[in-house]
Every structure is written in structure tokens, then in C-alpha cells.
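To keep things clear, I will list the structure first and then write my remarks on it.
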Amino acid sequence: MVIFRKGESQPGQSDVVGLILQAFLNWKEARLTWSFFKQSFLKQILTEGEARCVGMLGKGSERYVMTFLNVINFGDQGVYDTVNNLGSLVARFIFLPIEESFYVFFAQVLERGKNVKDQKQDDVAMAANVLEQLLKLVLLIGLTIAVFGYAFSQLALDIYGGSMLSSGTGPDLLRCYSLYVLFLAINGVTECFTFASMCKEEVDRYNFVMLALSSTFLCISYFLTRWHGSVGFILANCFNMGIRIAHSVHYIYGYFKESSYRPLTGLLPSPFLVLAYIISGGITVYS
């Protein structure tokens, strides 16, 4: 039982609640969590928006502006959904676990919001080395899928769904999706490092970038779809991922600018590797 002396005012109910919240809630982490929640919401719009646009075209839904614009027919919608689900298997089973695992790694090794010079140099060196090797790995996987996916898209769809998928727009969609997988691979790693090291203010600024990007994405999706059918949705996604990669690369470059580490060199394949992919792609396409 708490006894108050004469002349002391008893704390009100709101003051008691405030004291309890201060004791059990870290407000700095709570604000950072709220920033990531807003970011996740915007990323959901960007990553799922094209699927919703395709799925709702012509069905009278009010969720998207493109609902009222009949840009592709129902047959192309079905082919697009099939190719999209098939192509996204690589991202779900390979790139997503990599992104989630190494986000935790970078968040534990680096101190969020701190300059490189203010952190333990051993941890910075380890994070830079891991990031460089990780970029090399996903670049290698993405290039392999892009090169051989272009050549064997028709065969893969013929095995998966027969002539109904392999004789129409399906092969072109899967070829473009193979290129999109390369963008997904690079974006997943660069963003996992960026989000693991950003402070709250930087996350909030990035949320505004994502908001502007979502509007741009919907506009580009519409025009590219009018120009090139359902392939336009995948091209719009490539543009979207390209902008996000550019933002993350800019952040990583600035993050390590004052140090001797250059992890972004992992995005520069050797000339012999590029030559090998060119020769392999040419042989598989014309064989």
C-alpha cells in the first residue's frame, strides 16, 4: 500500500498507465516497429498489386483503378496467373529464406543507426565480407535462371501444362519472368542489409519513397499492359525492383563510404563469367 504525505497529490489514472508503459515498453523500438509496419504495408501493395490488378480486371471491384480498364482478356489472365505462380517458386524457396536469415544476421552484427566508424571494426568487416559473397551468390543464381530460363521456357511450360500453356503467350511471359527473378535475387539481399542497418528516421524516409513508387508502378503497369499485354505487368515489376535496388545500392555505398570495404563489388561479375553465360545462352537458344 502506497501512502502519500499531506500536500502530495495522488497520481491520476493516466499517469499510472504512463508509468506502467514506460516500465514495460521500449518506446524507441516501438516507434521503429511502427515504421517497419508502414513499410511492410507499402511493400505489400508493390509486390501484390500487379496480381490483384490482373485478378480483378473486369470483375467490378473498386479496389484498384485498373479494375475498370479492360486491358487483357480472361484467357491471358489465366496464363499469367499460372506463369506467375510457377516462376515465383524460385523466389519463395530460395531467395526468401536467404533474405530472412541474413536480415537477422546483419541486424545482430551491426548496430542500427550508427556510423561505420562508431562500430566494432571486426563486425563491420564480417558484415561487408558476408554481403559481398552473398551478392555474388544470388547474382550467380539469378543469371543462371535468366539465361537458361529464356531458352527453356517453352519446354518447361509444355511439360508443366501441355500445349495450352506453351503455344500462346506463356513462353514470352516465363522468359520475362526469368529476367524478373534476377531483379528479385539482387533486391532481396540489398534490401535485407539496408533494413537491418537503417534507423527509424531513414525507414520513415524510405516509406515516402515506397509510397511514390507504388503510384508510379500502377501507372507504368497500365501503359505497359496496353502496349505489350500481360508481359507489361512483369516489365513493370522489373522497373519497380530496379528502382528499389538503386535505392538500396545508394544506401550501401554511402554506408561503407568512409571505410575501406566495398561489398558492392559482389554485383560485378568477372568478364569470363559473363562470356560463359553469353556462349551458354547462345548455344541453348539456337540448339
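Just so it is clear, glycine is given a Cβ too, placed from its N, Cα and C backbone atoms.
Note that the structure is predicted; figures quoted are calculated from it, not measured.
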The annotated transmembrane segment range in TrEMBL, which must be one of 89-110, 265-286: 265-286
Across 177-196, 208-225, 231-253, 265-286, the most C-beta pairs under 8 Å with the transmembrane segment (137-157) come from 177-196
